[in-house]
Amino acid sequence: MNKGEFKNRLVKYLEAEGVSRYESNIAKMMEAEINQNNCFTVSYDNFGSIIFHKKSKYPNAPKFMVAAHMDEVGFLVKGIHENGQIKLSSVGGLWPSVVIGTKAVLINSNGKRFNGVFGHTSIHIMEAEKRSKALTMDDLYADFGFFSEQEAKDNGIEVGNVVLMTGETVYLDNPDLLAGKAMDNRAGVCVLEYIAKELENVDLGVDLYLVGTVQEEVGTRGAKTSVSLINPEFAIALDTTSTHDTVGTIKGTTVIGKGAAIRVKDGGMMANPQLVEFMCKIGRENNIKHYKFISMGGGTDAAELQYAKGGAITLTISLPQRYLHSPIGLISINDLIDSANLIAQTIKAINADVYATIFKYK
């Protein structure tokens, strides 16, 4: 897959819809593309995570799992105000201020779509003491043009309906950069697809499992269910991470344009040091841009992947993204391709002997 093809595929994933618990649309897109040549066996766990398996022809091949979550953050209808405006419950970690005044889309239980706006009080009529305070979820609502609670109900609006953030795809003048909705974690999904294309015709020394997980944004739940089925020796999580290269951010390591970010530690995982150094060596040998960092906060699917039966050799490859968990996030295409190539080359370099010699505890 060349850079142009990769970018086009990413745009398709960005513009698809898949809030946590409603990821099946993304899974079907992945299945149609990744298994185009029938090189993988496809299955699902009972939560909806999709698993692509390419079996090694070599005996005693260790299992190698790479997981990217498919879900995006969003909202559910929590209730209806008397005036017809919609109360919201966040799905995933959201700062309400980033969505006020932007387009909202509600999908009712019958599949009918309603366009609206994430509402807020105009600064002109806001109480003075509220102007300097951050918006809370209780302050946020969505306005779909209903004038009463009954009108909303008559249109099939009910508790649990999905409300989506929207954000157009933005093509910046720099062709390496792309911005759009749901970059977290459709960027990771697209990297997973790239890895599949790179390895589909390669004789591997590992049993390869590429997994699109569900419900990461609400507690890494799909990682927990899928890893329990696979029980890999190796597990890599693919996910976006915040950058420290914009005005006002605290100092940190991750930035746009430096390549694959190898996450050494975060709130839920400490990476296997042998795998970290092995991947750095692979990066140097193949001229793949990469660096190590310690996350300032948050976690990834790796927090669950590490608990495969008996434990898995685990780390996260992070994809630096500006404006995380907002209607539009920005990434570097080159960073994503570097990350894909680093993982693909690592997978090619591992077999039963390498596992036994370098990684297995004795």
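Positions of Cβ are set from backbone N, Cα and C atoms, glycine also.
Feature annotation from TrEMBL assigns Zn(2+) 1 binding site to HIS69, ASP184, ASP239. According to TrEMBL, the Zn(2+) 2 binding site annotation covers ASP184, GLU217, HIS325. Annotation comment: TrEMBL describes GLU216 as active site, proton acceptor.
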Just name the winner among ASP184, GLU217 (the binding-site residues) by count of other CB atoms within 10 A of its CB.
ASP184
Among the binding-site residues HIS69, HIS325, whose Cβ has the fewest other Cβ atoms within 10 Å?
HIS325
Fewest neighbouring Cβ atoms within 10 Å among the recorded positions GLU216, ASP239 goes to ASP239
Fill in the CA-CA distance, HIS325 (Zn(2+) 2 binding site) to the residue listed as 'active site, proton acceptor', as an integer in Å.
13
Spacing of the two Cα atoms, HIS69 (Zn(2+) 1 binding site) and GLU217 (Zn(2+) 2 binding site), in whole angstrom, works out to 8
Work out the three-state DSSP category of HIS69 (Zn(2+) 1 binding site).
strand
Mapped DSSP class for ASP184 (Zn(2+) 1 binding site), helix or strand or coil:
helix
Would you kindly give the Cα-Cα distance separating ASP239 (Zn(2+) 1 binding site) and GLU216 (active site, proton acceptor), rounded to the nearest Å?
10
What whole-number Å value do you get for the CA-CA distance of GLU217 (Zn(2+) 2 binding site) and ASP184 (Zn(2+) 1 binding site)?
9
